[in-house]
Amino acid sequence: MEKFAPEFHGEDANNRATKFLESIKGKFTSPKDPKKKDSIISVNSIDIEVTKESPITSNSTIINPTNETDDNAGNKPNYQRKPLVSFKEDPIPSDNPFSKLYKETIETFDNNEEESSYSYEEINDQTNDNITARLDRIDEKLSEILGMLHTLVVASAGPTSARDGIRDAMVGLREEMIEKIRTEALMTNDRLEAMARLRNEESEKMAKDTSDEVSLNPTSEKLNNLLEGNDSDNDLSLEDF
């Protein structure tokens, strides 16, 4: 007849289980070293015994594996962990012949804090539409040059020489546009100088003319005499003019 393990219930089972745990407690515990200090870490209500031989670090960037009993602990350096992810902009290759030109051009037009030499009246004057249109075209061409410089930086960074033709063509186009901009600037400057001369001449004439009298030129005098005399014999010929 088969034998079955005895079953225990209630308080009797609890007492027997307690005695069993006490009997096996000494089999799984090692003698403690009096020189080493133990620490108890509580994780989710579970007590875990950890000795000094296995330090546990959490959320720390400094790793120091030495303990208090080591005499040379002060001589060992602390090792700092490097960040896993770093964001750094890739610099433009130094062997690129157009990188310096592109950088200087960007700095020139981004840091242009000089005030305009035009006054409010000159900017809003209807006679200066042609000048402002020229300046707008110059601004557009400068923007195109900036775009071409950026394209040159990208194109010249390639490892192959297949883009040399494109790069040379763009350099030639850039030189042509710079020459056109120089011509536009000179024409605009000449027009501004001419307007300044006319304005100065008109100012000088207004300063000299202080009387209200109007002087007639010879042709105007003949016409005036003809109208005042009402004489049909005093007809004017082409030679009089």
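Count begins at 1; order follows the chain as displayed.
Cβ from N, Cα, C; glycine included.
Since we're looking at a predicted model, the values are computed, not measured.
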Next item on the list: Select, from SER94, SER117, the one residue given the annotation phosphoserine by Swiss-Prot.
Entry: SER117
Next item on the list: Using Swiss-Prot as the reference, determine which range in 81-87, 165-171, 193-199 is annotated region 'Binding to host phosphatase PP1'.
Entry: 81-87
